[in-house]
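Working notes, beginning with the structure itself.
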Amino acid sequence: MNACKCSVLICLLLSAVGPGTWGHVAAHKPNISQVIPIWLRHFPLIWLPVIQTLAENGNAAAKAKYEVVMPIYYYRPRRNDCQVLKEEWVKAKYERQEFVDPMKKQSYQEEVREGWLMKLGRDNGLFLKRKFVLREKDGKLKYYPKEDEKDPKAVINVETMNPTFQPEKIGHRNGLQITYQKEHRTRNLFLYHEDGKEIVDWFNTIRAVQFKWLKLAFPAEGDQELLKRLPRNFLKEGFMEKTGPKKTESFKKRWFTLDKRRLLYFCDPLDAFPKGEVFLGHKDNGYSAGLGLPKGTESNGAWKHGITLDTPKRCYLFTCESEGDQKDWLDHFNAIINTAMSPHDYAQESLLKHK
């Protein structure tokens, strides 16, 4: 029977990437004969002190070696992030060792990035190949229908962009949604690339350009404060039913996206433009959210778990499919309404009022 010279504990994030990466670890450490993700099998309680020691010291040692020159804007995936972000993070850190050599420039650090991405057509519902060009100097992302096109189909200011990975919504494991402002109106682009590294590098290139422009716009702010202004995942998305302002109209199923203080609703999750937007301000300014619908309101839709959202402009009525979904939406609404507004929030509120 072969003896195991050394045991390697693999975190859930690394184990999810697949055996190929575990093999890579073993190949670079000849004294390691087995790499075992501990969640796949029960281990004795005697291992607990070892795990505690690794938790206290292992990450620090790994960061000191593999994250020497990791850019501050590079996205570090979280537990609930999609698989491609986790995979490419592990590969970038351990396989490609992108954050070790300060003299080696990565693709997301280039001043100009261009390439082909599959983009969902706004009207035809088909994914077609489009050329994208991102320039740090002017802070603009442009895309072209063809290689030799002189005039771009769209010019997008990176300061208004919020890229988020949406594999389930887009129907591709590398699906990326870019939300931005076009003439004071929200616009969605739905993209993907077959290569996971390519789409993640596009994502981090956008973050790199945004971060550099933020440093120019807010020179007094520290790097950690500027990070809070970078792209973020939506707080919540999902279906609810909604009635019109007269409240006599039937409840209709809509797709909702909660992006900080902006609640957007669409006929379909892959719509390019929202049907409407609702700003969620502070409770002291006439905003509130509560369970149920006003007396006399007839919930003529399929769902019966109501929410009433009051704003200074109007009252919005929603219904949810389940009690759990109702509570989750309401908790998100009230968390925002109970949070103090920033100067940027007041500017957004004013903009939406004058649409």
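Quick reminder: no glycine exception, Cβ is built from N, Cα and C everywhere.
For reference, TrEMBL has these:
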DOMAIN    110-211  domain 'PH'
DOMAIN    233-338  domain 'PH'
SIGNAL    1-23  signal peptide
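On the 0 to 100 pLDDT scale, the domain 'PH' (110-211) averages 95 in this prediction. With DSSP states grouped into helix (H, G, I), strand (E, B) and coil, the domain 'PH' (110-211) comes out at 23 helix, 46 strand, 33 coil.
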